[in-house]
């Protein structure tokens, strides 16, 4: 026994013998020979390939971060390596990322976030008492008094209460915290609700009505879920208005090949910047009630209204003002976010959705679905709390907060008018009034020769235009084909977020490029 133990410890076992045994050296030699004979795997033998992957994922497209943006990244790297270009920097006007464009954070929000992240600062005299009060309330509702803990899947309870109070103040209509779900940005809420709504196959597949032009999140999620995209076109000749007759046309035609169940509205519009009138919202709600459609109201730009003739009206408010027949029957989910407005806190990924008239059993299914991802980031939830619960009159931080808010929104209003005016001075560019949101979506003339050149490069004409704009000026914008547009029309989306001086530079560069482009291809 002792000798066997020593042999085991030394790793030298006695040779196996008999009809069932072979020496280890013999077995090793055979194994080595087998490995040599076995063919090496080639890439075609991989389990996950473009042919075997989920076809719905492969069908997803997201133009806001598509080929133009990838090319912009390549050009930035070339500039860093010292490769000469006709410009010295890439200006990323493709996305509504306020802080990346130089907008300064709102002081109060960052103070509360600092206190929540490092609670020892609660003892510092450098922070105002109203910021400390909010931070303490948030932390006391978190497990272990820490943002680093999980929250309930629906979100931190006191923050849901603050969201409900915000909606009540905004609309003059009571909001129930039990109908509030905190999300990882508004996008998370939109995709979650669509997951609940999509079902069926063949002609019974769920149809989702979306505006054209649209925010590409919608087409991407619809593709991912294997639903049917049902396009309704906004009226460009009437400042991108939503026409109920167009909704009826789209619905009628869609019923031949799918089961339309969902109507998505973006107000204020992205990429089109229109603000819907109260009458228009009433008409849409009546249409949804009449046709038994579930309403999705994307209202993340509700603070971004610049035209003095326009005012934001929430779908929730108008729904309740239309009376009990509507308010007790129309199913509605509305969405808001930390990313837009005047806060512009995109990176925190904070958001919420409010659901109205959702069946109790479906609410249970919603909580189950949300539980799979545990909870949205608690730091993003805290940021959402400051969006809906900012300083009030009489509080220490109110004056500074009001100055900063008015500065951001006032600047955006000036830049919206500047962009509209300058674009409309350029032959071959038409830009509707930028009533809200933070983008221009001008219509551009692309000559027939340029269309032919684009086709020879296997590009959409506006992709060809935007790629040349990037390569010749360093300005990164998104082609209108990524958002959808009427056949034969071409557009691009550009954010108005850069500082005024840089925005003027961008606009003049676009003007010079466009005139040169027209001359080259006419």
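Positions of Cβ are set from backbone N, Cα and C atoms, glycine also.
According to Swiss-Prot, the listed position annotated as N6-acetyllysine out of 414, 458, 516 is 414. What Swiss-Prot records as N6-acetyllysine, among 255, 405, 504, is residue 504. If you compare 368, 417, 511 in Swiss-Prot, the N6-acetyllysine annotation sits on 511. Between the listed modified residues, namely 340, 511, the fewest other CB atoms within 10 angstroms of a CB are found at 511. Annotation for residue 414 (N6-acetyllysine): same-chain Cβ neighbours under 8 Å, separated by at least 6 residues, are 500.
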